[in-house]
Every structure is written in C-alpha cells, then in structure tokens.
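Participant: Okay, here's the structure, questions in a sec.
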Amino acid sequence: DIVMTQTAPSALVTPGESVSISCRSSKSLLHSNGNTYLYWFLQRPGQCPQLLIYRMSNLASGVPDRFSGSGSGTAFTLRISRVEAEDVGVYYCMQQREYPYTFGGGTKLEIKR
C-alpha cells in the first residue's frame, strides 16, 4: 500500500497569515496520463470531510481561491493564504493513484486568539 505521511500533527496560525501543510507519499502519485492523484480534504469540527483540492492542484467547486495545491510526484503542499477562523479543522491528504486509497494522518489547524 502507498503510505501517506503528514509530519506536522498541528499548525497554529494568526488570522490573516498564510500557512503551508505538507504531505509525502511513499510512491509517486504521477500517472502515465499526466495526472497526479493527490487530494486534500478539510474536516471541520463535527462535520464530514470536504474536498478542497483534487489531482494535486485543482480547486474543488465552491472552495475559496485562498486555497492552493502544489507538489511533485511524492511531495505535496496545501497553502492557505489569509487564514480565517472558518479554516480550523483537520487537513488530510489522500492518494487515489492505486487501491487501496490511503490517507495521511492529518494536520490540525488552530487559530491563535
């Protein structure tokens, strides 16, 4: 199975600042068709996970453009610019390069008060 690793379990950010959340995969997620099958989700407290980014860098419908995704075949970054209070929750990367699909352990974003 492909192992997804998020080394930072948490991030503490001041509103208005930017933050980057990283993720690594044990195998390249770049497919021969040119797509990189890395996805980012946000699970807000008490809610179901919400898709933010699909195929590494594509913004999901309805997601603010403060969110962006980038990376290579095995190293990926989710960047949030101008962090807002509504951005709190746990951010997960997930690979859909091959079955079984696997998730990182998550990075919890918290806001400095």
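Placed from the backbone N, Cα and C atoms, the Cβ positions cover glycine too.
Among the features that Swiss-Prot reports, disulfide bond is placed at Cys23-Cys93. Per Swiss-Prot, region 'Framework-1' is recorded for 1-23. The annotation region 'Complementarity-determining-1' is assigned in Swiss-Prot to 24-39. The region 'Framework-2' feature in Swiss-Prot is assigned to 40-54. Per Swiss-Prot, the feature region 'Complementarity-determining-2' maps to 55-61. What Swiss-Prot records for 62-93 is region 'Framework-3'. The feature region 'Complementarity-determining-3' is assigned by Swiss-Prot to 94-102. What Swiss-Prot lists as region 'Framework-4' is 103-112.
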Participant: Are there any residues at least 6 positions away along the chain from Cys93 (disulfide bond) with a Cβ closer than 8 Å to its Cβ? List them or say none.
Facilitator: Met4, Gln6, Cys23, Leu38, Tyr39, Trp40, Phe41, Phe76, Leu78, Phe103, Gly104
Participant: Summarise the model's confidence over the region 'Framework-1' (1-23) as a mean pLDDT value.
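Facilitator: Over the region 'Framework-1' (1-23), the predicted model scores a mean pLDDT of 97.
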Participant: Same chain only, please: residues at least 6 beyond the ends of the region 'Complementarity-determining-2' (55-61) with a C-beta under 8 Å from a C-beta of the stretch. Say none if there are none.
Facilitator: 29, 35-39, 67-71, 76
Participant: Within 10 angstroms of the C-beta of Cys23 (disulfide bond), what count of other C-beta atoms is obtained when all protein chains are considered?
Facilitator: 28
Participant: Near the region 'Complementarity-determining-3' (94-102), which residues from the same chain, at least 6 beyond its ends, have a CB less than 8 A from one of its CBs?
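Facilitator: Those are 1-4, 25, 27-29, 31, 37-41, in sequence order.
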Participant: Would you mind splitting the region 'Complementarity-determining-1' (24-39) into helix, strand and coil residue counts from DSSP?
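Facilitator: The counts are 0 helix, 6 strand, 10 coil.
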Participant: Six or more residues beyond either end and a Cβ under 8 Å away: which residues meet both conditions relative to the region 'Complementarity-determining-1' (24-39)?
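Facilitator: Result: 2-5, 7, 51, 53-57, 69, 71-76, 93-97.
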Participant: Six or more residues beyond either end and a Cβ under 8 Å away: which residues meet both conditions relative to the region 'Framework-1' (1-23)?
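Facilitator: The answer is 29, 38, 40, 71, 75-85, 91-95, 97-98, 100, 102-112.
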Participant: Who are the chain neighbours of the region 'Framework-4' (103-112) in space, where the CB to CB distance is under 8 Å and they lie at least 6 residues beyond its ends?
Facilitator: 4-6, 8-15, 19, 21, 23, 43, 80, 83, 85, 87-94
Participant: So what's near the region 'Framework-3' (62-93) in sequence-distant terms, Cβ-Cβ under 8 Å and 6+ beyond its ends?
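Facilitator: Answer is 4, 6, 13-30, 36, 38-45, 47, 49-53, 56, 103-104, 106-111.
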Participant: Using DSSP, how many residues in the region 'Framework-1' (1-23) fall into helix, strand and coil?
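Facilitator: Across the region 'Framework-1' (1-23), the residues distribute as 0 helix, 11 strand, 12 coil.
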Participant: Would you mind splitting the region 'Framework-3' (62-93) into helix, strand and coil residue counts from DSSP?
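Facilitator: So the region 'Framework-3' (62-93) is made up of 3 helix, 16 strand, 13 coil.
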